[in-house]
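What follows is a short report on a single structure.
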């Protein structure tokens, strides 16, 4: 008899048949007496269709009006889903974000949730309804419709779970959990039963696009028990994203190998080593709306230094031409770049307590003759930039070096199932 | 410097190009300093698409949820239209029905407007915006989304015009006004400069589907100056629907000839002439959701009477089989029917003060050998049911008999232009 928030992505509700499938699945949960709040996305392709129409009208449509339009995608899904639940013999009621008091700031197209008024949902739940709330949307203080940006339904679901103090927030998606790495690269990749929020953040931002980063941050902050599950398989417990680290005794040092193919590297050579120089280089890049990923400044020699950073490959040529102008201005020696690089990272909270992870990683890559162009580390992550052609090899080598294909011993031993117990429908 | 409410139907906003056209037209009105409130429908075909999806989920979807879905059609249009207005350099802001406080009852899928809170619209107008309000929708007291039923955007526009005390409510549609009859049947049919609300009601319900009947009633009740115009022609003053009768001196007796092709006639012969018999016949018909149009009961002879009525042709066979059962129950002699009939009507407030309209009409039809199967009259309308094959002939003959091809003399004479002056954009 738990209160569960279940979020279904666009693919999971991509057709009327799939919506009926979701309803059947929910019926099984209801049969166990659980209270359910559903948060569906727009049907796959619908948001793109709406935005395409807006772009036909205006190349840069007004964000407020774009939200008015975009919010309709989820509104259609909640109505259809409520109908499908009725067809399963369940009581159900749909609500838009504004209707249930999802209050956001006024940053149209990427608003942030400020508050959720749980009163109306609680009442509908108490009346025996499955409550279906449109994800991705809310309203600001003046009642203007807002949306949370791409993937915002994840955030909606987590925020609702936090507001309602739900027992669990389940994110149904087209994968059955979080893997040690991409199974298309390493067939031995293993689904993780648990992962910490911090690891998940690193994995997500590094390209394992299972959950929207903001929703993970949100879940961590409000201690929402978050689980990723497949919407196409009835079996399986998915991956639980936990607040606590796993039992230290048997825990794996590294949880997964993430990678990003679209990395391009730029270096400004012979930069005068003086305060403010980083801002002079990266300011114009930011002004051009180019996201910078890794930033490395080598130790200077003879009053100059080399300054390197990576950007998405699609921004490479724009970034190069910006740097040409910057070079003159700051008196740098030269600009070099490489848009055939990629990034590979080892992620794991275990490296906090286990020294030697970096050297193990570098050793494994060196043995295969893979040159490291850039290195960057955080508390729970080590990233390297390498030549793109070595990507698959590097991922396979690291996956094996850290023994990720083997289930952690904790499965059988000390850190038992209690921590990862799923609320099951049967 | 008038306040004008302009409603654009689904065809007028049926594509992004057409929406841009509407915006250009509105820009010309704004250039004259008029304040504009726009009420667009959903893009043509959109409401049908949404309802079709609902029917895929459930053959009889929950009305509340159907409204959640259906309301999105207009929400998309208001956003796109506001963007198109921005592209024309205008300030514009869109609002859904619930956002501007269109309060309705809770009769989902055919709700009635109870109240409109004009505060938010007034504020947006005062800020210099063209205000774009979604037609067809509102919210009930509990904040549930409601829709007004097919054609409800006309009603929204009139209700907004009434609430705002607008100088005029203009309904833009795919015809350029109300005609004396269907120009496809009578090429000489003439566009009317004015028509009274009562005449319009009779014309509309008789098949000249230009305006939703409810919106005409509403406009009459609240004395809203209502005008029908073409959204595809820049010229023309359309047809003004007036509260007052036109100047009596030169006014035409008949304003138009309406007709309805889909009429089927049923007669119960030898009905016992006793109280309650009409209810016993029509009760089961109503229970089967069949709309009855004309009803005629002949004077009885020898304790029995004949009872006739007409239904839409698509309901004919269902109605016949219901009557077979009724026949046994009430002890009637026989059932006859004809589904090759049609109805032709002469409409005009002038017949109130001009006797002899009926005999002129019957005479003209008799001269052509057209037999009248049923006759029904109201204060401003005379309808006859005839064989379908005579429909075009009858309409032409009546159009000519009442001289409808000639403009009324009032155009040149006593009731001048003052009454019909249009607020023009140029």
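Each residue, glycine too, has its Cβ placed from N, Cα and C.
Because TrEMBL annotations are produced automatically, they should be read as predictions rather than curated entries.
Just so it is clear, the model here is predicted, and its values are computed rather than measured.
The ATP binding site feature in TrEMBL is assigned to A:7, A:8, A:9, A:10, A:173, A:174, A:179, A:184, A:209, A:210. Sequence annotations record features per position, and here TrEMBL assigns substrate binding site to A:47, A:74. Positions annotated as domain 'ACT' by TrEMBL: A:266-340, A:346-419.
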> What are the non-local neighbours of residue A:9 (ATP binding site), defined as same-chain residues 6+ apart in sequence with CB under 8 A from its CB?
Replying inline: A:41, A:153, A:171, A:172, A:173, A:174, A:231
> Would you say which of the binding-site residues A:47, A:173 has the most Cβ atoms within 10 Å of its own Cβ?
Replying inline: A:173
>> Suppose we draw a 10 Å sphere around the Cβ of residue A:179 (ATP binding site). How many other Cβ atoms does it contain, all chains included?
In response: 22
> Measuring Cα to Cα, how many angstrom lie between residue A:47 (substrate binding site) and residue A:7 (ATP binding site)?
Replying inline: 17
> Taking just the CA atoms, what is the gap between residue A:74 (substrate binding site) and residue A:179 (ATP binding site) in Å?
Replying inline: 29
> When you measure from the Cβ of residue A:7 (ATP binding site), how many other Cβ atoms are you left with inside 10 Å?
Replying inline: 31
>> Can you tell me how many other Cβ atoms are located within 10 Å of the Cβ belonging to residue A:74 (substrate binding site)?
In response: 32
> What does DSSP say about residue A:7 (ATP binding site): helix, strand or coil?
Replying inline: strand
